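Participant: Just passing along the structure, written as structure tokens.
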């Protein structure tokens with residue numbers, strides 16, 4: 001990846017609330033399925049904003065920090081997804097998204113960020129990201145002191 005896009009906690013919450021507004025009225029949803037781990041934080045925000053208490057997970061391993069590797073399904077939520085919002089932080093190449101579509105064909109699949117290759121696989125997203133950009137999520141970063149350039 002040649003570029004980095006840094007996401008702060010407040011920006012993530014703002015984008016997720018924007019997505020939640022598009023998912024109203026909340027009564028049409030049975031629950032949320034969070035794609036672990038990237039979809040866990042957005043799922044918590046969506047659950048709060050929509051008043052949804054039924055939250056499950058599908059656990060798929062496809063990244064090792066910044067290296068994409070083979071998909072492994074570690075845990076599935078039951079059913080075909082009918083009445084459920086499936087949420088992940090990002091759709092990238094579409095590998096994970098296609099697996100989600102195959103497992104939950106009747107779900108409404110949303111992400112916060114979408115890259116061109118995976119965009120056709122999601123029902124809704126908030127932010128367009130160039131394909132060659134790595135997203136640094138707030139849960140992968142910490143705040144630290146930076147020495148002034150002048151050394152004072």
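Just so it is clear, glycine is given a Cβ too, placed from its N, Cα and C backbone atoms.
Model, not experiment: these values are computed from the prediction.
So Swiss-Prot has the following annotated:
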- 37, 38, 69, 88, 89, 90, 91, 92, 93, 94, 95, 96: 5-phospho-alpha-D-ribose 1-diphosphate binding site (BINDING)
- 69, 92, 93, 94, 95, 96, 134, 135: GMP binding site (BINDING)
- 89: Mg(2+) binding site (BINDING)
- 92, 135: xanthine binding site (BINDING)
- 92, 135: guanine binding site (BINDING)
Participant: For residue 91 (5-phospho-alpha-D-ribose 1-diphosphate binding site), just give me the three-state DSSP call.
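Facilitator: Looking at the DSSP assignment, residue 91 (5-phospho-alpha-D-ribose 1-diphosphate binding site) belongs to a strand.
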Participant: Within 10 Å of residue 134 (GMP binding site), Cα to Cα, which of the binding-site residues 89, 91, 95 are there?
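Facilitator: Within 10 Å of residue 134 (GMP binding site): none of them.
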Participant: Does anything in the same chain, at least 6 positions from residue 91 (5-phospho-alpha-D-ribose 1-diphosphate binding site), have a Cβ under 8 Å from its Cβ, and if so what?
Facilitator: 97, 111, 113, 114, 115, 118, 119, 121, 122, 125
Participant: So of all those binding-site residues, 92, 94, 96, 135, which one's Cα sits nearest to residue 37 (5-phospho-alpha-D-ribose 1-diphosphate binding site)?
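Facilitator: For residue 37 (5-phospho-alpha-D-ribose 1-diphosphate binding site), the closest Cα among 92, 94, 96, 135 is found at 96.
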Participant: Could you check which of the binding-site residues (89, 93, 95) sits closest to residue 135 (GMP binding site), going Cα to Cα?
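Facilitator: Ranked by Cα distance from residue 135 (GMP binding site), first place goes to 89.
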